[in-house]
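Visitor: So TrEMBL lists the following for this protein:
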type	residues	note
DOMAIN	B:23-494	domain 'Cytochrome oxidase subunit I profile'
TRANSMEM	B:64-89	transmembrane segment
TRANSMEM	B:101-124	transmembrane segment
TRANSMEM	B:144-166	transmembrane segment
TRANSMEM	B:178-197	transmembrane segment
TRANSMEM	B:234-254	transmembrane segment
TRANSMEM	B:266-284	transmembrane segment
TRANSMEM	B:296-319	transmembrane segment
TRANSMEM	B:345-366	transmembrane segment
TRANSMEM	B:378-404	transmembrane segment
TRANSMEM	B:424-443	transmembrane segment
TRANSMEM	B:470-494	transmembrane segment
TRANSMEM	B:521-541	transmembrane segment
Amino acid sequence: MHLHRYEKIWLMLGAGGLALFIVLLCVNAFAMGMAPPSNMEMIDPEKVTETPPFDKPGLKQVGDNEYDAYMTAFAFGFAPTKMEIPVGATVNFHVTSPDVIHGFQIPETNINFMVLPGHISSATHTFDKPGEYLILCNEYCGAGHQVMATTIIVK
Amino acid sequence: MVIARKIDDTLPHVPVQRSAATLSLAYVWVAYIAFGLAAVAGMVQGMVRGGIMELPSWTNYYQILTAHGVLMALIFTTYFIVGFIFSGVARTTGGSLHGAALKFGWAGWILMTLGTLMAVVTILMNEASVLYTFYAPLKASPYFYIGSALLVVGSWLAGFGVFASYRKWKRENKGKTSPLFLYMGVTTYILWITATIPVAVEVLFQLIPWSLGLVPTINVMLSRTLFWFFGHPLVYFWLLPAYMAWYVCLPRIIGGHIFSDSLSRLAFICLLLFSIPVGFHHQLMEPGISPAWKMIHVTLTLIVVIPSLMTAFSMFAIFETTGRKKGGVGLFGWFKKLPWTDVRFFAPFVGMLFFIPGGAGGIINASNQINAVVHNTIWVTGHFHITVGAAVALTFFGVTFWLIPALTGRQLTKTANRMGMVQTVFWAVGMFLMSLAMHTMGLQGAPRRTDYTTYMDHPLALGWMDYQRVMAFGGGLLFVSAILLILILLYLTFYAPKGNTEYPIAETETTQEVPKILERWPVWIGLVAFLIILAYGYPILQQIQHQAPGSPPFVTW
Ligand code: HEM
Ligand SMILES: [Cu+2]
Ligand SMILES: [Cu+2]
């Protein structure tokens, strides 16, 4: 099989760039701890409302300016409906669904993950700027999907 | 080596025999009927999201979106591909399909059409507004799933028809290298059949029993994994036939030659190997899959950069050598020598241009944590409208402009060619505007698959409205283009003057030695199986052994 000289150069540059890129992704994920949200915890979707801490969704202070937010995503809303935190707070979101699949996205942050019934999804964000952040569902979940949203107020 | 039939240009002729031509046309026309209906849905979606129109109470946004996704992504593409491959296989193996291939072809058409009708009826009855990904535990009517299963099985029969033609050719041409088009067709079907097995398992063993109420709950994680096992190679199933047109038909259209027979085959083999074991890149943002397995799939995903670069090189090498032979001089003189006013070249070429940002966007999507910025935003929708909706679709349109008259024994007239150019420009501008708006708004967080909403007048969501309107405008141009296309195709099928249209199949300039290993299918299928076990064996075992409590069905629309 004959490879043209230019094609060899072209493919070598491509392969080299690709290898470098993959190495960077690995460093980023494993050495710098920025792997995508991949929590392995499970829960019975038919018993979400009876299972602590999801029986009482809400914020729990766990550190100086750090909170655990236990939330449920359901057709068609999020619980709790109101959350307020001080500027600079770090929030660990833990979300699950008692019914179908939902999405959990906070635009203008990197919080964006799927919420699957049977699983608990987690991700962490530090809110450095004040404002009323929109939390929305970005996976189709039924007729009211477009109204499925809430906010988190950072003061 | 390609066998070309001796052609007597004084008599009207069909480059493929009537029986094969009819089969191919039957597939191609179902494809364009689905396309036309889906184009109406697409335009409506844009208008609704842009706040320009409201839907009447007898329908809803998600019903229309399900119709659009199913008809475009599953029906239009699959039917067109099956029809195109049958015609090209006939054309490159002596001009006809033998009995077994025809039988498989028609049996496939009947099953697929039955399945399509079942799915479409359930969607129309609003019993299947689950979108084209039908994620459990949203539960559609069992007939929707049975219809999808028939569609898949029908397409397998079509594949068996192509395998039968390949065997026959090999028997009659002992020791010779198969025609390139035939080889690529076989590779495409190996990819397709391998990829559809897991989704068939999902539908037959998970969704159908569960939707019939025979089992109370479903393993949601497993169903998603099986779906995306299929979902990514699905996009390569769309792409490979477009590449067939680029590698084999386009060089002939511009009056050149195939760049390298072996490298073309090698590119297809690479695509076969590295398009399947990669589905987790659609599940990067989900719980229940470890970061290490996600990274393995991301790495395998990115390897397709290599065959993509090979394809890009071959294409531009063909364009340059052909342009120079026609007298183009200087660094870019050859560029002007390309047949810019020939829609058979122009439409696929514009498609190729869309593929450049499309590929770059794909690398972004596949990149592990960057995916968090774009996942499930309408950026993703923008991405696949420039890849499948522009690069692949424009190539298919370009092919159809010569395929239909070649099969019906009519002429691609000057007027039809000119109308095709106009149609291509409308499509390109429409796609450009629509997908640019989608990409931009997606980066700002606007979700995909979402009816008109301002999220209770949240300022951020209000800020997306201008882009939503640009998207709607682009969708309007696309709709005009779609109507124009259907009119041109009706003309080419029924009204264009009788005559000869070439079925363009290029050859290599000199005889080229093709390494035998490229046709040792057991080797490649074995490698595919190895990669699949490597990438999916352990995760799927885990998902069965340590499954989350199951989910009962929900109908939330
Ligand atoms: C007339 C041309 C077209 C228009 C106006 C159009 C418009 C749209 C719009 C606005 C959406 C976004 C809906 C949303 O997420 O809320 C969409 C989704 C989609 N389109 Fe198109 N589109 C066109 C052509 C195509 C083509 C040619 C294909 C593929 C062959 C395609 C495949 C899809 C798919 C798969 C979806 C996603 C459906 C889902 O998320 O479930 N479209 N289209
Ligand atoms: Cu939703
Ligand atoms: Cu993919």
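Note: Cβ is positioned from N, Cα and C throughout, glycine not excepted.
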Visitor: Report, as numbers and ranges, every residue of the chain located at least six residues beyond the transmembrane segment (B:234-254) whose Cβ falls under 8 Å of a Cβ in that stretch; write 'none' if there are none.
Guide: 73, 77-78, 80-81, 84-85, 88, 180-181, 184-185, 187-188, 191-192, 195, 264, 267-268, 271, 275, 311, 314-315, 318-319, 322, 338-339, 342, 344-345, 348, 351-352, 384, 387-388, 391-392, 395-396, 398-399, 402, 502, 504-507
Visitor: Look at every Cβ pair spanning the transmembrane segment (B:144-166) and the transmembrane segment (B:345-366), keep those 6 or more apart in sequence, and say whether at least 3 of them are under 8 Å.
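Guide: Counting Cβ pairs under 8 Å (6 or more apart in sequence), the transmembrane segment (B:144-166) does not reach the transmembrane segment (B:345-366), since there are fewer than 3.
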Visitor: Go through B:101-124, B:345-366, B:424-443, B:470-494, B:521-541 and flag the stretch with the largest number of C-beta pairs under 8 Å relative to the transmembrane segment (B:378-404).
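Guide: The stretch with the most close Cβ contacts to the transmembrane segment (B:378-404) is B:345-366.
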Visitor: What same-chain residues lie close to the transmembrane segment (B:101-124): Cβ under 8 Å, and 6 or more beyond its ends?
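Guide: For the transmembrane segment (B:101-124), the far contacts come to 19-20, 23, 26-27, 30, 34, 63, 66-67, 70-71, 75, 78-79, 82, 86, 89, 140-141, 143-144, 146-158, 160-162, 164-165, 168.
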